[in-house]
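K.L.:
Here's a structure for you.
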Amino acid sequence: MSTVIPYGRQHITEEDITAVIETLKSDYLTQGPKIVEFEEAFAKYIGCKYAVAVANGTAALHLCTLALDVTEGDKVITTPITFAASANCVRYCGGEVVFADIDADTYLLDINNVRALLESSPKGTYKGIVPVDFAGRAVNLEEYRKLADEFGLWIIEDACHAPGGYFVDSKGEQQFCGNGNFADLAIFSFHPVKHIACGEGGMITTNDEDLYKKLLKLRTHGITKNEDQYTNDITFATGGVQDDSYPAWYMEMQTLGYNYRLTDFQAALGTSQLTRANEGIARRRNIAKTYEDAFTGKAYIEGQSGAIEGHAYHLYIIEATDRLGLYKYLRKQGIYAQIHYIPCHLMPYYREFGWKEGDMPLSEEYYKKCISLPMYPTLTDDELNFVINTIDSYYKQ
Ligand SMILES: *Cc1c(COP(=O)(O)O)cnc(C)c1O
């Protein structure tokens, strides 16, 4: 095999390309009809009421902390085993990130550790929780909602890894990631390694109408063109002339917002990609099953993602003996496995806040062994077998 096999990659079809080209030839490159089309299709897919398309997943997180009024000193709990943006969004608003350790089997933020933190401080100390559907495995948000309500917290679900993933609730019903039934807000990313690719792109989903309206405004400079929200009167708006309506040019900037918009051609790509989302997940689950079967019982495997119901398989992770050796060997064979993640609390930026080795023992232990294997819908069976056989041959030498 001559070409490199990455851990994740996009799948672009002729239909996707046509959708983008048609939008490039249309009247709108941005702020046009493709945005709403994508938002509506995405909300339907996820099963939530409202969706707000934004420039990327990090912008989505930032808008969430803004909409929830995170301010200086607010304490927010998240997992160290995530992409830094899940924590950074709290810092953008001056809040304080408090990490809690993972569950060693699921790799997800352990609710027992979160509960212990909440119970060891006076009520009101913490403002929110950012659980992450890490690797595509859905967090049980029904349990998190109960805990959050007990302590008056909000929840931002970082569902970047899990569009189409679900957990089964206490009534036996499938609860899809980002459906807004439990979390206040959820966010997704459309970076090419994620399930749905827009180049760059993100989405916020919610069932809360007030938060939805706030997000729309924050996405575009804090500007509204909705007359019902105007605070200046018509005579001011017209330029000192009495009239019975606001002039068409009028708008108000009411709060400090940003330009975090998605373009129409990216949205067109997203909508086109979305039509294949279920197909993509089915293939991912199929790959996961093949990995699981191949690695079960192998002495060099200390843990693996496994075939879990509702898992969206953004990543397939194994915990392996001699991880560094395996990583280098795979790379030499053109298999670019990846490590997810370097524990966030030990990034130099977060060490400055006092976080140190030993603070999150399970996350740190996990980091020593984890490696994410190639996982994407266009990975062929031949490539998949090549990956499995190459891993096997490393440990046989
Ligand atoms: C990718 C990702 C983000 C950030 O998304 P971008 O679109 O790259 O800004 C945030 N959280 C998690 C868990 C991610 O995987």
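Every residue gets a Cβ built from N, Cα and C, even glycine.
Features from TrEMBL:
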ACT_SITE  K194  active site, proton acceptor
MOD_RES   K194  N6-(pyridoxal phosphate)lysine
K.L.:
Using a 10 Å cut-off, grab the number of neighbouring Cβ atoms around the Cβ of the residue listed as 'active site, proton acceptor', all chains included.
P.N.:
21
K.L.:
In which DSSP state, out of helix, strand and coil, do we find K194 (active site, proton acceptor)?
P.N.:
coil
